[in-house]
Amino acid sequence: MKTAQFYVLFFCWKAIWCNGCMLTNITISVEREECEFCISINTTWCSGYCHTRDLVYKDPIRPNVQKTCTFKEFVYETVNLPGCAKQADSLYSYPVATACHCGSCDTDSTDCTVRGLGPSYCSFNERKE
């Protein structure tokens, strides 16, 4: 009986920790103001769960850093936006995550807000695939 309980606990632990932060395929909308439309492209980004906690008693000396699923490494890829005006720059570079980890959110390169615009937001009504 103890062996069965051990295996149940082990698989529950594995399901929680191993299915955490990982690369995920997403579709994002890219746009340029000069082109006046959006296109959808596929890329990879980090998504998942990280072990975190919110302390009941806040300690002003020790900051409470929440861990989030974020990129560890990424590269930029470039796409040519079709239909732009001749004088407009039609090249658009976007990030592609290559590795993920649980860490603090880097506000210099990432939208860390709870209610961001989202990857499919488009300023223009017309969208091209």
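Glycine is treated like the rest: Cβ placed from N, Cα and C.
Recorded disulfide link (Swiss-Prot): Cys105 to Cys112, out of the candidates Cys84, Cys112, Cys122. Sequence-distant neighbours of Cys100 (disulfide bond) (same chain, 6+ residues apart, CB-CB distance under 8 A): Cys21, Met22, Leu23, Cys46, Gly48, Cys69, Thr70, Phe71, Lys72.
Under 8 Å, Cβ to Cβ, and six or more positions away along its own chain, Asn25 (N-linked glycosylation site) finds Asn42, Thr43, Thr44. Using a 10 Å Cβ-Cβ cutoff, Asn42 (N-linked glycosylation site) registers 9 neighbours.
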